[in-house]
Amino acid sequence: MLMTLCPKTAKAQLVLLVQVDFKNQFSRTRTVHKNLNPIWNQKLLFHFDKNPKPPPPIHREIPVVYNERRAISGINFLGRVRIPCSDIVKKGEEVYIKLSNLKIKWFSSFVKRPEGVPLTMHQQVSPQGHHPSQDYELKDTNPQLGERWPARGGGYGGRGWMSGGERFTTTYDLVEQMFYLYARVVKAKDLPLSSITGSCDPYAEVKLGNYKGRTKHFEKKMNPEWNLVFAFSKDRVQSSVLEVFVKDKEMVGRDDYIGRVVFDLNEVPTRVPPDSPLAPQWYKLEERHGGGKVKGEIMLAVWMGTQADEAFADSWHADAAFVQGEGVSSIRSKVYISPKLWYLRVNVIEAQDVVPNDKSRMPEAFVKAQVGNQVLRTKICPTPTMNPLWNEDLVFVAAEPFEVQLVLTIEDRVHPSKDDVLGRISLPLHIFEKRLDHRPVHSSWFNLERFGFGVLEADGRKELKFSSRIHVRACLEGGYHVLDESTMYISDQRPTTQQLWKQSVGLLEVGILGAQGLLPMKMKDGRGSTDAYVVAKYGQKWVRTRTILNAFGPKWNEQYTWEVYDPCTVITLGVFDNCHLGVFEKKPGASTTRDSRIGKVRIRLSTLEANRIYTHSYPLLVLHPSGVRKMGELQLAIRFTSLSLAHMIFIYGHPLLPKMHYLHPFTVNQVENLRYQAMNIVAVRLGRAEPPLRKEVVEYMLDVDSHMWSMRRSKANFFRVMSLISVVISMSRWLGDVCHWKNPVTSVLVHILFLILIWYPELILPTLFLYMFVIGLWNYRFRPRHPPHMDTKLSWAEAVHPDELDEEFDTFPSSRPNDAVRMRYDRLRSVAGRIQSVVGDLATQGERFESLLSWRDPRATSLFIVFCFCAAVFLYVTPVKVAALVTGLHMLRHPRFRSKLPSVPSNFFKRLPARTDSLL
């Protein structure tokens with residue numbers, strides 16, 4: 001028997017191997033070091049006795065996954081799979097079996113379903129041994145969406161902790177309902193003093209089964225106020241009572257018990273939003289064993305609710321009991337708003353009385369402008385003079401509130417490596433006019449402070465008879481949309497000024513349900529762990545779900561809504577691993593902790609049908625230096641609601657961006673540089689929120705590295721172009737087959753259609769549009785049923801070369817050895833050479849068309865103009881129908897009337913000169 005272990009995920013750590021036992025024949029694979037997704041792809045051979053007698057039932061014990069640790073003798077057992085089989089066949093009849101997370105290739109055929117193998121086991125014949133394509137495909141899901149409140153008496157444990165009839169709401173109708181037990185601890189009063197210390201440092205502790213949560217303690221305060229909400233998931237309720245303790249914090253030894261309040265979960269009321277919050281009440285504190293009342297009272301409110309409750313977002317969750325300090329805020333769900341971005345246009349016109357430090361020469365002046373970290377400069381004035389003229393536009397990105405200033409500096413180019421500062425001025429941004437359109441803006445003169453005066457030479461200011469001046473026209477552009485994301489995945493096209501906004505065309509509602517099959521992202525107590533959260537970005541609104549700790553199948557069930565102003569926009573969702581909880585092991589040498597990327601999903605709204613709920617599971621794919629890897633699946637529920645069909649159709653006829661982008665467009669380099677600056681500003685501002693939306697998250701969501709060179713992307717784009725050209729090539733081949741009568745029936749039908757169109761030319765355009773109409777109706781049956789998702793084949797992520805991946809993940813500038821850089825440069829030259837040849841061929845064909853009448857080849861031009869004259873006379877005296885008929889029948893003539901040599905027009909065109917002769 002021959003067995004092949006094929007690439008697939010096996011959730012293990014450290015050093016992994018697989019041992020196989022077949023009829024007491026043991027064999028093992030090689031060990032894979034420090035890889036949670038081991039790939040063996042190894043063949044193991046076993047002897048099999050082909051006994052003509054009916055063999056006894058054979059049980060194959062396959063595979064056994066072990067974890068080998070160098071420091072411990074022996075190996076640690078991780079799991080076993082038994083596969084009974086009744087038949088073994090020859091090589092060539094392979095099937096793939098997906099068992100748990102281990103994939104095995106057997107050279108056998110299963111006549112019947114083996115015992116112990118579930119019906120859901122994935123089996124597929126794939127002799128190539130690649131990953132099954134459906135692992136990367138979109139999957140339909142059928143979640144139980146919407147809020148459903150059980151009838152009275154059907155509550156906790158069948159004893160009715162939720163009251164009220166069945167209720168359906170639309171607030172959270174795109175997520176699965178999750179029930180929580182909430183306990184609000186407001187304050188306490190009249191607490192007793194300790195008999196030992198003579199004071200009281202009180203805190204409250206809420207206990208439900210094995211889950212405990214506590215408030216902070218106050219020193220020497222008899223009437224503390226906490227106002228903290230605790231939330232316990234119904235799925236993890238381990239007790240029928242909820243206990244709230246009040247204790248006295250002791251510096252040494254055990255905390256003193258003051259009193260408690262006990263709630264029976266069967267008596268806890270249910271709050272259904274949008275009902276008002278439950279009013280807290282005062283409760284007398286009891287002794288530990290219910291012996292009687294003690295001094296002191298505590299104000300509490302306990303109720304049953306869902307994730308739709310207003311207290312949910314800021315609650316202390318039992319699932320995150322071990323998170324302390326700053327990590328508590330980083331696990332809560334939050335909504336962020338991007339800062340309002342403006343383009344600052346500074347037109348540097350001229351300057352007067354620019355005095356150089358060296359009086360014996362005229363200054364070679366230029367202006368350097370700085371806004372925050374953005375620095376731009378004008379060209380050097382072509383003529384050395386004390387009154388230089390530039391008249392150049394410099395464009396920056398600024399964010400409200402304006403925290404930086406515009407700093408203008410006039411400098412003198414003394415030496416190629418030395419510039420002297422001649423004057424400087426700082427201007428606050430709020431003094432500049434906010435322009436809504438392309439109307440002119442008034443310019444202003446500003447006096448420059450001579451460099452050095454007022455700082456190092458304060459007494460010399462009195463000797464300054466006059467100052468240099470600079471003439472500037474500056475404004476804040478409100479008619480542009482400040483791009484902070486790629487136009488390919490743009491989520492908002494509105495201009496900066498709200499006065500120019502149009503009314504919304506619909507609503508986008510997204511329910512972030514959960515994830516499945518997430519891979520371990522870090523180590524905790526020697527085991528893999530993942531603390532996942534989701535970030536969604538559409539327009540100026542960013543949302544971040546709460547962090548689900550230590551779960552490979554987290555359930556968020558959070559719903560968010562956005563206004564839609566243009567359906568041709570994209571919402572981006574990213575899944576990340578929270579690495580800022582402060583409780584996990586840090587890798588040696590790691591200076592700063594960054595949240596790890598788990599995957600990304602993009603959905604274009606125009607691909608969604610209106611008022612339909614899409615429930616799918618999207619693959620989370622990430623490209624690593626080792627190749628593409630599926631990190632799990634993200635489950636979403638999406639609904640796009642159209643408010644006005646007429647307005648939506650009206651939008652399709654308008655430009656994508658505001659009109660200022662077309663009246664006064666930016667250059668390609670300007671757009672890319674301004675986008676990079678805008679992204680940095682957004683990352684800094686969101687990083688200052690609480691909790692911060694970190695820079696690595698913002699950069700991943702905004703595709704900061706989309707402009708970097710990648711051989712893989714180049715291949716993908718090349719084959720995208722080739723797929724489009726292939727349609728034209730296929731049509732030309734079809735026409736060639738018709739002309740060569742490969743299918744006589746088709747050729748006869750084309751002749752009939754051609755003759756009809758010649759005799760009735762007025763039917764050409766109607767026939768063309770009718771044909772497209774019929775094709776469109778025909779394709780309606782095959783319309784896409786699912787939103788688009790990440791495609792590994794289209795991205796060329798499955799067949800990419802390892803060195804190309806290493807090049808894509810290399811830093812800029814490169815940090816690789818010189819030999820590797822030289823090899824990649826040579827490879828790039830070869831690719832660029834092929835591109836150069838294609839572009840050169842296209843240019844040659846165009847130049848040959850130009851040379852028809854340019855007399856570059858006098859004989860060719862003479863022949864062509866004579867032909868044009870004869871053709872004009874022929875077409876003048878001959879009806880158009882006859883000319884078209886002759887031309888068409890000549891093209892459709894039978895092969896026996898054709899020559900195998902190229903045609904005369906083709907030969908003539910190829911002989912025409914091009915400008916390639918003038919190239920060096």
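Cβ coordinates are placed from backbone N, Cα and C, and glycine is handled just like the others.
If you check TrEMBL, you get these features:
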- 1-99: domain 'C2' (DOMAIN)
- 162-283: domain 'C2' (DOMAIN)
- 325-446: domain 'C2' (DOMAIN)
- 484-618: domain 'C2' (DOMAIN)
- 636-657: transmembrane segment (TRANSMEM)
- 718-736: transmembrane segment (TRANSMEM)
- 748-780: transmembrane segment (TRANSMEM)
- 863-892: transmembrane segment (TRANSMEM)
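Within its own chain, the transmembrane segment (863-892) is flanked in space by residues 738-739, 747, 750-751, 754-755, 758-759, 761, 852-853, 908, which lie at least six positions past its ends and keep a Cβ under 8 Å from the stretch. In terms of DSSP helix, strand and coil, the domain 'C2' (162-283) has 6 helix, 53 strand, 63 coil. Note on the domain 'C2' (484-618): DSSP counts are 9 helix, 63 strand, 63 coil.
Residue counts for the domain 'C2' (325-446) under DSSP, split into helix (H, G, I), strand (E, B) and coil, are 9 helix, 66 strand, 47 coil. Looking just at the domain 'C2' (484-618), the mean pLDDT is 87.
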